[in-house]
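Reviewing the structure listed below.
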Protein chains: 2
Amino acid sequence: MLAGIKTFIFDCDGVVWRGDSLIDGVKETLDYLRKDLGKRVFFVTNNSTKSREQYLGKFTKLGLDVEAEEIFSSSFAAAAYLEQTQFAKTGKKVYIIGEQGIEEELALIGVPYLGGPSDKAKVADMSPGSAMPHDADVGAVVVGFDRHVNYYKMQYAQLCINENPGCLFIATNLDAVTHLTDAQEWAGNGAMVGAIRGCTGKDPIVVGKPSSLMIDYIVDKYGMAPSEICMVGDRMDTDIMFGKNNGLQTMLVLSGVTTEEKLLAADATSQPDCYAESMASFMA
Amino acid sequence: MLAGIKTFIFDCDGVVWRGDSLIDGVKETLDYLRKDLGKRVFFVTNNSTKSREQYLGKFTKLGLDVEAEEIFSSSFAAAAYLEQTQFAKTGKKVYIIGEQGIEEELALIGVPYLGGPSDKAKVADMSPGSAMPHDADVGAVVVGFDRHVNYYKMQYAQLCINENPGCLFIATNLDAVTHLTDAQEWAGNGAMVGAIRGCTGKDPIVVGKPSSLMIDYIVDKYGMAPSEICMVGDRMDTDIMFGKNNGLQTMLVLSGVTTEEKLLAADATSQPDCYAESMASFMA
């Protein structure tokens, strides 16, 4: 199988690391795939709270030698979508529900933004007769995971989407839950996006997994066929589905949330093309 | 038409009052309907921030003589649903996303609750390894409009709905926008419910308009046929649809958000059975 594959796309949590710990054998496997076999590798995460640069810091801290261009965080995906659609040329701004990762990615492509961490403590004046002012130049609302989501941000996003003609509604992802800590599941960006969906009646453009945007970007930019790409992940319902929906080869690793028992019990349509204990199995 | 109608259900905002001002002729019309014609009247509002008792205070302040039993706020509807399903017998508690109205209604039916205004300033500990504790005895989450919605409340609700077996998810209403002030539209409870939907993947039980719960309650309790009830409202898409979906007679009044032009331009299926300038037209 390895022979026909030119590129590997790795999910991060449960594949490369668990929380803040590198998974055994990852460093050696990446070296082997790149240096010995000449494969290209990418890393993809739906987490939007960090930018590519911030992720690069995490990879480096874990002793992995990775380029920023190899990292596809959903914060980057949001910026890539705006670049693709030449948003900067409109002269409009972005309102952010989300954290620093989105701010950094927008700054890199020269798109002005407001909201995000700056609106953390803001409270709308709801006294009789009052209206919350909003910027008529906001041409897109980007919604990513936001630990400090509040009513002010929801109302600001609602006003932009409902009252600014043509305003885009972009979601980094729709994940119901996320793994902020290993100890439990945490409400994910599905909550923030659901809030804006619920007060606007509109559906977002999704840029992270399972949207095809990142695959289209890689296929376009590096001129590869989807069948030459293998998606490696630890989740059947996101990573493997994402790969299958986009015509990629798929590999499940058991180093994350899916057990072999769960994998074998799943129905045929959701099975990966192959599976392995962990990334270290590539070396075996 | 009046002859066949035994009961009138009035929407409040745009029909009885606008913000804090009584609409002209409402007092006289209510007296006429009740005293001269012997009709029964009810008032229905999707606003859950106040309880029946608090609404009664508003009616009294505006000089209207109304009984608490005639008021159906969606906060009351949530409590009525829990009563109907004998929730109190389970010994379980309710987690509230919402305001004082829901707390007061739950207190009246003897159901213990937590969350709501008390969780306004709470912040989850998201440091490595930490888990947010939640009460395994929560058997229902009630989601109503909440100016102080935050990530803590979303995560608490997510944990209860996803981890407490059989935990109910009840929404007072799904209104996308609400009229906190006359000056603009404000993100409504659709935002709060959307957030919980988005992080649980579950659909709520809706107790306010356009759910039939309130009509079933009135039909049951007072032994009336739906065809003997007339719904009077100012919104085609909520009040009139609510009436039509439940087999009621419908009347649109032009004292709220719908203009005669908009009414006449709407398609035939959404037309009310009749329309009038305002409630005062009953007297004409």
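Using the three backbone atoms N, Cα and C, a Cβ is placed for every residue, glycine included.
For reference, TrEMBL has these:
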| type | residues | note |
| --- | --- | --- |
| ACT_SITE | B:D11 | active site, nucleophile |
| ACT_SITE | B:D13 | active site, proton donor |
| BINDING | B:D11, B:D13, B:D234 | Mg(2+) binding site |
| BINDING | B:K209 | substrate binding site |
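If you measure from the Cα atom of B:D11 (active site, nucleophile) to that of B:D234 (Mg(2+) binding site), you get 7 Å.
The recorded positions examined here are B:D11, B:D13, B:D234; by Cβ neighbour count within 10 Å, the least packed of them is B:D13. Distance noted between the C-alpha atoms of B:K209 (substrate binding site) and B:D234 (Mg(2+) binding site) is 14 Å. In the shown protein chains, 31 other C-beta atoms lie within 10 A of the C-beta of the residue listed as 'substrate binding site'. Note: the Mg(2+) site is recorded as B:D11, B:D13, B:D234; in the same chain, B:F10, B:C12, B:G14, B:V15, B:V16, B:G233, B:R235, B:D239, B:V253, B:G256, B:V257 also have Cβ atoms within 8 Å of that site's Cβ centroid. Distance noted between the C-alpha atoms of B:D13 (active site, proton donor) and B:D234 (Mg(2+) binding site) is 8 Å.
DSSP assigns B:D13 (active site, proton donor) to a strand in the three-state reduction.
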